[in-house]
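All remarks here apply to the structure that follows.
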Ligand code: AHM
Ligand code: MG
């Protein structure tokens with residue numbers, strides 16, 4: 001059977017489903033091209049002198065790695081001239097990035113975490129790029145932060161690229177989730193994982209256990225039951241994984257099921273969670289729901305949260321439906 005490239009897949013989706021407008025198709029192709037360039041830099045590592053700290057901080061007050069900055073620049077440069085976008089927003093930039101006036105403006109807003117899991121770069125463990133696409137409210141000549149503050153339900157596309165043993169792009173535009181593997185010789189993404197589905201039940205969970213004493217009661221109860229295994233009420237033994245790259249955890253869950261959690265932490269009561277709603281929570285929740293899984297903040301579906309600021313944080317419970325429903329029910333019962 002002939003191989004289906006990302007370009008062919010998108011063109012066929014545009015033709016058959018009619019809901020993939022040409023501008024959005026072009027935008028996804030451009031993001032994919034940028035991810036290829038990021039993959040190249042990530043793979044070269046020390047050979048290209050790209051490892052280590054950049055010597056700067058981002059809006060979250062976190063030290064930036066050189067590759068955080070490189071990946072952010074690659075995404076901005078690749079996307080600013082294509083004509084599909086009205087503006088971009090990045091985890092690494094305080095304010096939205098307007099399309100320069102000498103380029104045509106389009107109708108979409110692109111949000112991204114250019115290099116998620118960047119604490120893993122220097123130790124050669126998987127990292128990734130996460131992106132989300134919204135429509136810009138009509139009539140806005142100069143898009144502002146307020147235009148981005150739409151719930152995740154309004155996303156028209158989302159995806160991630162994981163830079164692991166293979167570089168893979170995983171994508172949804174509301175018609176299932178499809179995975180493409182980068183063929184380095186051909187320089188193109190090839191459909192290798194059509195219609196990815198998350199099994200409803202699982203025996204695998206992912207959480208940073210070192211934070212246990214800071215969790216709220218429902219999370220203590222739930223993880224306590226997971227750890228109790230066959231001796232507890234769940235009646236089965238669970239296995240644990242923690243990569244500290246959300247992209248890698250979500251990818252594992254899409255391939256073989258599991259539940260990923262980053263709950264609220266009592267150390268900083270002002271923060272609802274560590275991860276970011278617009279760059280991590282929403283795109284991953286869209287992908288997970290499209291693959292038959294669930295994603296909540298413990299109390300409601302992540303996709304239904306109305307954001308109040310661009311860099312808002314969120315608690316995250318996502319993956320196999322049965323487990324996400326259980327931990328969400330424990331929050332409701334609290
Ligand atoms: P980043 O966007 O600054 O890389 O942080 C997000 C990452 C996630 O990929 C991962 O799940 C989490 O932070 C790991 O956090 P911790 O180091 O607390 O385990
Ligand atoms: Mg991140």
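Think of each number as a place in line: the chain as shown, counted from 1.
Cβ coordinates come from backbone N, Cα and C, glycine included.
TrEMBL lists 113, 116 as Mg(2+) 2-binding residues, and of the candidates 249, 280, 289, 312 the one it assigns to that same site is 280. Take the substrate site that TrEMBL assigns to 116, 117, 118, 119, 208: the candidate from 264, 271, 274 listed for it is 274. Here TrEMBL has 113, 115 binding Mg(2+) 1, and the candidate from 91, 92, 94, 135 in that same listed site is 91.
Screening the binding-site residues 113, 116, 118, 119 for a C-beta under 6 A from any atom of ligand 2 leaves 113, 116. Within 8 Å of the Cβ centroid of the Mg(2+) 2 site, not counting the listed residues 113, 116, 280, the chain contributes 91, 112, 117, 128, 129, 130, 160, 246, 247, 275, 276, 279, 283.
Among the binding-site residues 91, 113, 115, 117, 274, the residue whose Cα lies closest in space to that of residue 280 (Mg(2+) 2 binding site) is 113.
Proximity of the binding-site residues 115, 116, 117, 208, 280 to ligand 1, judged by a Cβ distance under 6 angstroms to any of its atoms, singles out 116, 117, 208 in sequence order. Farthest C-alpha pair in the substrate-binding residues 116, 117, 118, 119, 208, 274: 16 Å apart.
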